[in-house]
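Below is one structure, written out as structure tokens; comments come after it.
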């Protein structure tokens with residue numbers, strides 16, 4: 001193709017064509033018709049030769065592009081121009097100047113192709129910018145997270161170093177005290193040996209008498225200390241024996257009061273007879289591991305147990321109650337009131353237990369400044385002496401007279417004995433913390449507090465009042481440690497007032513059949529007592 005183009009340029013046909021046109025223009029008026037036609041035909045022949053060479057170059061260029069390249073250009077530019085030219089020539093009209101030239105057609109096609117490409121480029125640029133902004137945000141979040149992690153590592157390292165330094169200081173102090181004690185013993189031994197060597201025989205006798213008197217005094221002091229220790233140990237053993245006897249008696253009494261038939265009563269009587277004072281009471285020595293537990297560790301363990309009670313034990317109790325009660329509201333109210341009553345009874349039991357410990361330890365710590373520490377250590381080491389079964393009976397007794405859940409008696413609250421016992425043990429142990437933990441007071445119809453409670457899934461999230469509570473909030477002084485759960489509804493205050501007025505006039509309904517609830521779910525037979533409309537005790 002390049003050789004054909006060079007050949008066309010070297011022929012200089014276009015230059016001679018221009019010269020012939022100029023000469024024809026000068027001689028046109030003087031020439032005859034035949035001469036003008038001859039000139040015109042010569043020019044047409046020469047132009048035809050140039051066009052033939054150009055079409056040959058076009059064919060070669062199209063062949064070099066392959067099967068697909070150049071097709072759109074020929075369709076969009078060459079064919080419309082040829083059609084317009086031949087149409088005008090066949091009709092004998094001059095070529096219209098409005099017919100687009102090849103360059104104009106090319107420019108239009110290029111603008112058409114460039115407009116969607118520009119739109120695609122703009123969209124790609126916007127997507128790229130949004131991706132960059134997201135990447136920058138992720139990088140900022142990553143940097144902030146790394147910073148927080150580094151701060152946490154630094155704080156933990158500082159606390160660890162402080163603890164290690166304190167331990168090293170205590171070790172150094174212990175070593176220095178041991179060294180001083182050893183040095184004092186060596187000095188006394190050296191002085192005594194020197195005095196024996198320097199003094200005469202009479203002075204040695206005198207020294208022997210002094211040493212014997214000192215030894216007698218030391219022996220007397222040792223005997224007094226050992227007698228005090230033995231007296232204290234005897235008092236503790238007596239107190240443990242009394243508490244164990246009380247516990248066995250209370251367990252026998254509770255088993256007799258809960259027995260639904262004569263057979264269990266006979267078993268409970270035999271159990272109570274077996275726990276007579278004639279049997280040997282096993283005295284438990286204080287556990288050193290429990291007393292060494294820090295307040296923080298015990299608190300964390302109790303919080304974990306309280307959380308497990310909410311997530312597992314509460315659901316198990318709900319499953320037991322739903323066999324006899326269809327309404328979920330009544331089931332949740334029963335479990336909440338059982339939890340509140342368990343905390344109340346456990347706090348009262350802890351106060352009585354601490355008073356008994358004070359009375360038993362008072363003779364041994366007369367005039368001592370460590371009396372409160374001794375009482376606290378004793379309570380922490382002997383938490384398993386707590387009579388949880390008696391507290392369970394007190395809780396069930398309080399639930400039986402609670403107006404919100406006691407009528408109609410469709411279920412025996414002894415079903416919840418395991419759940420109540422676990423809550424009582426947790427509440428009793430929480431009172432031994434410093435400061436003690438307690439649950440928050442909650443009443444139906446109160447204003448919902450987002451800091452203490454979270455709404456249940458079936459609540460009205462726009463309601464400002466609490467219809468009833470599902471689980472109490474755990475408090476330390478005035479700070480919320482663990483949120484509770486409550487149900488909020490519109491008109492909760494009037495619903496609570498209506499439920500209280502309804503409980504005054506409600507009569508006993510038929511008891512659930514024994515086949516539904518089993519042997520452990522025996523219905524209670526009691527005469528209707530005077531109804532008291534009162535709130536749960538806290």
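Placement of Cβ uses the backbone N, Cα and C atoms for every residue, glycine included.
Taken from TrEMBL, the feature region 'Disordered' applies to 92-137, 173-227, 247-292. Residues annotated as compositional bias 'Basic and acidic residues' in TrEMBL: 106-122, 181-209, 216-227. Under the heading compositional bias 'Polar residues', TrEMBL lists 123-137. The compositional bias 'Low complexity' annotation in TrEMBL covers 253-278. Here TrEMBL flags 298-488 as domain 'Mitochondria-eating protein C-terminal'.
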DSSP puts the residues of the compositional bias 'Polar residues' (123-137) at 15 helix, 0 strand, 0 coil
Mean pLDDT, the domain 'Mitochondria-eating protein C-terminal' (298-488)? 90
For the compositional bias 'Basic and acidic residues' (216-227), how many residues does DSSP put in helix, in strand and in coil? 12 helix, 0 strand, 0 coil
